[in-house]
Amino acid sequence: MLNFYGVEIASRLLLGTAQYPSPAILADAARASGTEILTVSLRRESGRLREGQDFWGLIADLGVRVLPNTAGCHSVKEAVTTAQMAREVFGTSWIKLEVIGEADTLQPDVFGLVEAARILTSEGFEVFPYTTEDLVVAERLLDAGCKLLMPWGAPIGTGMGLNNVYGLRSLRAHFPDVPLVIDAGIGRPSHAAAAMELGYDAVLLNTAVAKAGDPVAMAGAFARAIEAGRAGFLADPIEPRDMAAPSTPVFGRASLA
Ligand SMILES: CC(=O)[C@@H](O)[C@H](O)COP(=O)(O)O
């Protein structure tokens, strides 16, 4: 079972809550996904109070954990302040930390991320950092007190899947005991399955479900793909090879005589 900061989690799919056609579809998609963790942006909740209250009721009905995020923050100060407010609003010390550094790719500002992570862990937060696959940054985030890492698959909202499989494989190999969650850029269930086959512990996604033609069906498809990918990883897949190898034994030949 997954363990995030001492909390055991059965579902390996974490779901975002933005961009659904309606709150009812979000709720149905969350149920179909089997997720136990929904990410929620503080900005959304504080911005439109009435809608926020309805939204909070919906989350409470689903009986899932909330992982507040600092989506849209571009500086350390903004991210830290948003995290502090989120702790008050949502009553949890979990925070998905995003410090965005570049507008076109929404690439994390990894320098600001490490600084913000250090500040927040010293204040008792349990930080889920949205990062790249960079090994040195990963080491710095762990030094800063993060107990798990959330590298991107591809830029948020692109649906491109796993852009740097080599880097992600290498991150997995360097940190075998750290929970690793692919966060962002997943477009199709096969991308999520591929992440799990690499040995990743879980996948966080939003756009691919929220913007699908049928978000509820897509949520179910992702849940099954993640389970299949995990099962495949645990079953110890064969290594690819360059030369063909007959899968049918060649001893004993058919004879026409
Ligand atoms: C919801 C959330 O936390 C996003 O910031 C996250 O990174 C998801 O990205 P996708 O929308 O690309 O799945």
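Each residue, glycine too, has its Cβ placed from N, Cα and C.
The active site, schiff-base intermediate with DXP annotation in TrEMBL covers Lys96. Residues or ranges marked as 1-deoxy-D-xylulose 5-phosphate binding site by TrEMBL: Gly157, Ala184, Gly185, Asn206, Thr207. The domain 'Thiazole synthase ThiG' annotation in TrEMBL covers 4-249.
Shown here: features listed in TrEMBL, placed on the structure.
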residue: Lys96; record: active site, schiff-base intermediate with DXP; DSSP class: strand
residue: Gly157; record: 1-deoxy-D-xylulose 5-phosphate binding site; DSSP class: coil
residue: Ala184; record: 1-deoxy-D-xylulose 5-phosphate binding site; DSSP class: coil
residue: Asn206; record: 1-deoxy-D-xylulose 5-phosphate binding site; DSSP class: coil
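All protein chains considered, the CB of Gly157 (1-deoxy-D-xylulose 5-phosphate binding site) has 17 other CB atoms within 10 Å. Within its own chain, Gly185 (1-deoxy-D-xylulose 5-phosphate binding site) has Trp152, Gly153, Ala154, Pro155, Ile156, Gly157, Thr158, Gly159, Met160, Gly161, Leu162, Asn163, His191 as residues 6 or more apart in sequence whose C-beta sits under 8 angstroms from its own.
Neighbour counts of Cβ atoms within 10 Å were taken for the binding-site residues Asn206, Thr207; the minimum is at Thr207. Compute the center of the Cβ atoms of Gly157, Ala184, Gly185, Asn206, Thr207, which mark the site for 1-deoxy-D-xylulose 5-phosphate; besides them, the chain residues with Cβ within 8 Å of that center are Gly16, Ala154, Pro155, Ile156, Thr158, Gly159, Ile186, Leu205, Ala208. Counting every protein chain shown, 25 other Cβ atoms lie within 10 Å of the Cβ of the residue listed as 'active site, schiff-base intermediate with DXP'. Ala184 (1-deoxy-D-xylulose 5-phosphate binding site) is surrounded by 25 other CB atoms, counting those within 10 A of its CB over all protein chains shown.
When the Cα positions of Gly157, Ala184, Gly185, Asn206, Thr207 are compared pair by pair, the longest gap among these 1-deoxy-D-xylulose 5-phosphate-binding residues is 9 Å. Calculated from their C-alpha atoms, the gap between Thr207 (1-deoxy-D-xylulose 5-phosphate binding site) and the residue listed as 'active site, schiff-base intermediate with DXP' amounts to 17 Å. Calculated from their C-alpha atoms, the gap between Asn206 (1-deoxy-D-xylulose 5-phosphate binding site) and Lys96 (active site, schiff-base intermediate with DXP) amounts to 14 Å. Per-residue pLDDT, averaged along the domain 'Thiazole synthase ThiG' (4-249), amounts to 94 for this model.
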